[in-house]
């Protein structure tokens, strides 16, 4: 399963271990460098999460082309910047419809990973309350292709403001 911290995808703990073993820092200071390096490798890096969400959305788009899912999803096509968190929560809820409609394991894995990444990035925004925003059920129902395009657009809004 591909669900993992996106920050650990490119971080290699072996580099820290090699540095420690091949250097003359086999002292208390060297051990501190190694321990702090390992700790920093495991810290969440939310600035990369939205890029990973877009990657997963593109992957879902490609996977859905190979199967037929005839569903319409509540889609926010014109997101007001003051309602982007509310809209994102609606998009994440609607992704579960695709999970329910699809029996494809790759789609299930990718959507589950995307939901985890997006929720962890949303949690970094704190408990922001938005008022005057549409409820999910008030949104227009659109095809999966249009839904995914709108989803990418709102994720880009999060990237541009971070």
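Counting starts with 1 at the first residue shown.
From the backbone N, Cα and C atoms, a Cβ is placed for every residue, glycine too.
As recorded in Swiss-Prot, the features of this protein are as follows:
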DISULFID  83-133  disulfide bond
DISULFID  90-136  disulfide bond
CARBOHYD  119  N-linked glycosylation site
CARBOHYD  127  N-linked glycosylation site
SIGNAL    1-29  signal peptide
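Between the disulfide-bonded residues 83, 90, 133, 136, 90 has the most other Cβ atoms inside 10 Å of its own Cβ, all protein chains included.
Straight-line distance linking the Cα atoms of residue 83 (disulfide bond) and residue 136 (disulfide bond), rounded to a whole number, equals 12 Å. Annotation for residue 119 (N-linked glycosylation site): spatial neighbours 92, criterion Cβ-Cβ under 8 Å with sequence separation of six or more.
Classification of residue 133 (disulfide bond) by DSSP places it in coil, neither helical nor stranded. Separating the Cα atoms of residue 90 (disulfide bond) and residue 133 (disulfide bond) is a whole-number distance of 11 Å.
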